[in-house]
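Have a look at the structure below before the remarks.
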Amino acid sequence: MIHSQMEDAQYEIRHQVLNPNQRQQLEDRRRIKEQLHQLEQDNESPTHMYRRKLKIASDVNLLDQHDSFYHTTKSLLVLFQIMGVMPIMRSPKGVDMPRTTFTWCSKAFLWAYFIYACETVIVLVVARERINKFISTSDKRFDEVIYNIIFMSIMVPHFLLPVASWRNGSEVAKFKNMWTDFQYKYLIVTGKPIVFPKLYPITWTLCIVSWSLSLVIILSQYYLQPDFQFCHTFAYYHIIAMLNGFCSLWFVNCTAFGTASKAFAKELTDVLATERPAAKLTEYRHLWVDLSHMMQQLGKAYSNMYGIYCLVIFFTTIIATYGSLSEIIEHGATYKEVGLFVIVFYCMSLLFIICNEAHHASKRVGLNFQERLLNVNLTTVDKATQKEVEMFLVAIDKNPPTMNLDGYANINRGLITSNISFMATYLVVLMQFKLTLLRQSAKNAFISALKANLSRIRSLDADKVNT
């Protein structure tokens with residue numbers, strides 16, 4: 001009793017000196033401690049029910065057999081290996097090691113070194129020609145500088161590929177292995193395998209569309225931009241295809257999360273309809289936490305690549321929009337502006353797909369499960385089930401299924417609106433700068449014309465005087 005009073009006094013003192021966030025954290029810790037203490041005192045709900053079991057022993061052959069996610073999305077993994085974008089490898093069947101591995105000296109990595117070196121030579125040659133052409137030209141207007149920056153910025157992802165993608169290869173392999181383990185645990189817990197019936201055709205279609213769209217985008221720039229040479233197109237095909245491939249990868253993973261959560265939610269509903277489902281709900285809660293951690297690992301594994309991805313989209317969209325509007329104001333609409341609007345539409349489409357799919361995946365894994373648990377009538381179930389439902393809701397609250405780029409930004413629909421607002425701000429500043437340049441040009445032209453007219457009048461007056 002005295003010990004309890006001392007704890008309460010210490011709690012009150014700390015509660016007074018802490019800020020609101022610290023007080024909330026302290027309150028959460030105290031509440032969880034009280035709940036665990038209550039569980040220990042409850043003979044009807046032994047604590048072993050709420051503790052996570054040790055890692056389930058798994059057979060390598062069973063992991064391969066039930067890894068539906070790998071089998072249905074294998075084509076995208078092979079495409080990334082061929083392009084040298086993400087040289088991870090699948091372990092041979094029957095070998096007792098992680099199913100997906102990443103090493104700097106693997107065959108896939110040696111190929112990635114080779115193909116990256118070849119592509120770098122082409123990109124450097126084109127970049128050098130563009131820089132030399134800009135330096136040698138007599139037109140050094142601000143708009144021309146902006147125009148050249150657009151196509152130089154598209155080359156940036158190629159040079160940052162080793163830092164942004166290869167360096168996180170171990171995290172990507174970890175994410176792939178998490179998918180493999182989750183599917184096996186799901187089979188053990190529910191007795192049913194996860195099936196992705198739509199992923200196989202979707203993945204193959206996206207692989208083809210990634211390169212087809214790359215050809216369409218670059219060739220359209222060749223026909224619409226007056227100074228875009230055909231030989232320069234070869235420096236951009238693989239870059240645009242890589243951006244399309246990462247967008248496809250994000251779409252495939254979000255679709256897989258949606259499919260898995262839909263099947264999982266159905267199993268959860270069936271379990272809640274049974275009598276005394278507390279023990280099963282504990283296993284389902286642990287399984288849901290694994291699913292949430294997988295979503296968080298997706299953002300962590302590709303954080304550098306998608307971070308640079310978003311920055312390139314943001315920068316290119318602003319510059320292309322300004323370039324097109326500037327040309328329309330000054331010279332009227334031409335095919336050149338159409339080409340720039342194609343780039344703007346393409347970049348914004350990629351950003352929308354990534355943010356929208358992340359929003360839907362987070363909603364399916366988080367909000368839908370919360371709604372199902374909150375709809376449970378706790379008065380009709382036993383005490384152990386009531387506590388397990390509460391624990392499940394706490395797990396969802398403490399492990400939100402958000403896709404976060406390793407702490408840099410959350411990928412959701414809010415990212416679209418924030419990007420658009422920032423773009424609008426920068427565009428207003430650039431357009432004000434453009435209008436200032438136009439006013440200065442008009443003023444200089446007016447002064448030049450006025451001086452010419454005055455000199456003409458003076459010459460006429462001089463002629464009259466002489467005559």
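Including glycine, each Cβ sits where the backbone N, Cα and C put it.
Copied from TrEMBL, the annotated features are:
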| type | residues | note |
| --- | --- | --- |
| TRANSMEM | 108-126 | transmembrane segment |
| TRANSMEM | 146-166 | transmembrane segment |
| TRANSMEM | 202-223 | transmembrane segment |
| TRANSMEM | 235-252 | transmembrane segment |
| TRANSMEM | 306-326 | transmembrane segment |
| TRANSMEM | 338-355 | transmembrane segment |
Winner by Cβ pairs under 8 Å against the transmembrane segment (146-166), considering only 108-126, 202-223, 306-326, 338-355: 306-326
Winner by Cβ pairs under 8 Å against the transmembrane segment (202-223), considering only 108-126, 306-326, 338-355: 338-355
Positions on the same chain near the transmembrane segment (338-355), where near means CB under 8 A and six or more residues out: 150, 217, 220-221, 224-225, 243-244, 247, 250-251, 306, 309-310, 313, 316-317, 320-321, 323-324, 327, 411-413, 415-416, 419
